[in-house]
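The structure under discussion appears below in the form of structure tokens.
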Ligand code: IMP
């Protein structure tokens, strides 16, 4: 019953694709359990590079069944364009399964996302503008549209009416926009129904049966721990639960079924969008991390904010996810620094604090307390085992492991698929 959860331990963009590559052909099901097309990861197969936003990475392995769970929000037009793009390149996408309970990102959810951000001005969240937050808001307000609603026109019309009643008041009276017509929305949504139909399934049943049959199921989190709606840097977060518990609710699998929780941890820290980030660098080092690490968003093309490794955050990720392992990525990006600062604690109002403060105001005031570790200058991209790494790189990894509270079971030492050191197998 190997059920693994793979999730970002920081603010997303830790390089999950690497871990999926490592698991390779041994996975039977890859499941997305939250988020939508706000995620983005690049997967390299042979000499082909694929940028995926909504589809689980398993879509590229012929032997694997990719699943979009009930906790995901789906923009059908984005789904189809991603599927078309893959089909044009000869990828068979027919095994995809989508939960009938997954919510649909409607055109009005995208409109509301954009106008709300504009309205917030300098207080904006810095969302990806894909309608994610408003779609989850509709879900919680019980006026969401689910995939299964596309197969009952009368129910769909009633639900769109209910959703638009309040929104049109808001759009016309507060945001000074035109009202959205129910009929047009229903027509657009119905146009997706036939093409979606073959993929729609009772994914909860499928996944639980697969686990009973001892299949390997990989739950792939989008975004990262600090962007979690409950456990992240609220309100500068996404609107779902990328943390490990989200895999249970977002896929309908009980916590007793999860055998391993792997946190993807970048050897330094990045974040996109607004919100606090204690180790953020505004100097040449930050610029160098961005340049060498290629820190630009796959989904939005925005430059990522960059900073040194933050062990307080890593410890927090271990705790809230119950991490069993870390996959440390992008260690090669740090090659060439003589000294590498690592944040080991924070100073808040003159006091040293070892753990992430629960108070948002305290976190905003947190100043990093750094320890400096000696760097290395040797190229590490061809290292195949831990002992191939220069002593200082080994010590850097060991120090991070000790501070972060879970074993580092794999290390990414270069962008290539095989540029990974495996220490403990994930299966
Ligand atoms: P939303 O998910 O579009 O609502 O955006 C909310 C916050 O999450 C913003 O700060 C986004 O930049 C951030 N975010 C959303 N998806 C990702 C991701 O895949 N990687 C990193 N940040 C993300």
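Placed from the backbone N, Cα and C atoms, the Cβ positions cover glycine too.
Here's what TrEMBL has on this protein:
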- 12-18, 40-42, 304, 330-332, 412-414: GTP binding site (BINDING)
- 13, 14, 15, 16, 38, 39, 40, 41, 128, 142, 223, 238, 302: IMP binding site (BINDING)
- 13, 40: Mg(2+) binding site (BINDING)
- 13: active site, proton acceptor (ACT_SITE)
- 41: active site, proton donor (ACT_SITE)
- 139: active site (ACT_SITE)
- 298, 299, 300, 301, 302, 303, 304: substrate binding site (BINDING)
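DSSP assigns residue 303 (substrate binding site) to a strand segment in the three-state reduction. Residues 298, 299, 300, 301, 302, 303, 304 make up the record's substrate site, and a Cβ search at 8 Å around their centroid adds 40, 272, 296, 297 from the same chain. Proximity to ligand 1 at the level of Cβ atoms, with a cut-off under 6 angstroms, picks out none of the recorded positions 41, 42, 139, 298, 300, 302. When the recorded positions 18, 41, 139 are screened for a Cα within 10 A of the Cα of residue 299 (substrate binding site), the ones that qualify are 41. Within the same chain, residues at least six positions away from residue 300 (substrate binding site) with a Cβ under 8 Å of its Cβ are 40, 128, 129, 272. Measuring Cα to Cα from residue 304 (substrate binding site), the recorded positions that fall within 10 Å are 13, out of 13, 15, 18, 41, 139. Least packed by the Cβ count within 10 Å, out of the recorded positions 41, 302, 304, is 302. Proximity to residue 298 (substrate binding site), judged by a C-alpha distance within 10 Å, picks out none of the recorded positions 15, 139, 223, 331, 413. Within 10 Å of the C-beta atom of residue 38 (IMP binding site) sit 28 other C-beta atoms, taking all shown protein chains into account. Each residue contributes its Cα atom, and for residue 38 (IMP binding site) and residue 303 (substrate binding site) these two points are 15 Å apart. Proximity to residue 13 (IMP binding site), judged by a C-alpha distance within 10 Å, picks out 41 from the recorded positions 41, 139, 301, 303, 331, 413. Nearest in space to residue 12 (GTP binding site), taking C-alpha to C-alpha distance over the recorded positions 139, 223, 302, 303, is 223.
Each of the recorded positions 18, 139 was scored by how many other Cβ atoms lie within 10 Å of its Cβ, and the smallest score goes to 139. Look at the binding-site residues 12, 15, 40, 301 and count other Cβ atoms within 10 Å of each Cβ; 301 has the fewest. Most other Cβ atoms within 10 A: among the binding-site residues 42, 128, 223, that distinction falls to 223.
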